[in-house]
Amino acid sequence: KRCYRTPDLKSQTCPPGEDLCYTKKWCADWCTSRGKVIELGCVATCPKVKPYEQITCCSTDNCNPHPKMKP
């Protein structure tokens, strides 16, 4: 499995057993000026969403590009 990973936003091979890609977004102190923090990576199971987070998981290679990378 290959997923985009932060902080370098490069596609990387996931560790064994981590077969899902994820995108996690949340607001930090600077949310109003810079927007949400975005974290990308690999996981074995989709994490539980906390009230202040948005999490999207997907199962195809490189299915989690940073929003600014999309055409």
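For all residues, glycine too, the Cβ spot is worked out from N, Cα and C.
Here Cys42 is paired by Swiss-Prot through a disulfide bond, and of Cys14, Cys63 its partner is Cys14. Cβ-based crowding with a 10 Å cutoff singles out Cys3 as the top-ranked of the disulfide-bonded residues Cys3, Cys14, Cys27, Cys42, Cys46. When the CA atoms are compared, the disulfide-bonded residues lying within 10 A of Cys57 (disulfide bond) are Cys21, out of the candidates Cys3, Cys21, Cys27, Cys31. Comparing the Cα of Cys21 (disulfide bond) with the Cα of every entry in Cys14, Cys31, Cys46, Cys58, these being the disulfide-bonded residues, the smallest distance points to Cys58. The two recorded residues, Cys14 (disulfide bond) and Cys3 (disulfide bond), have Cα atoms 7 Å apart.
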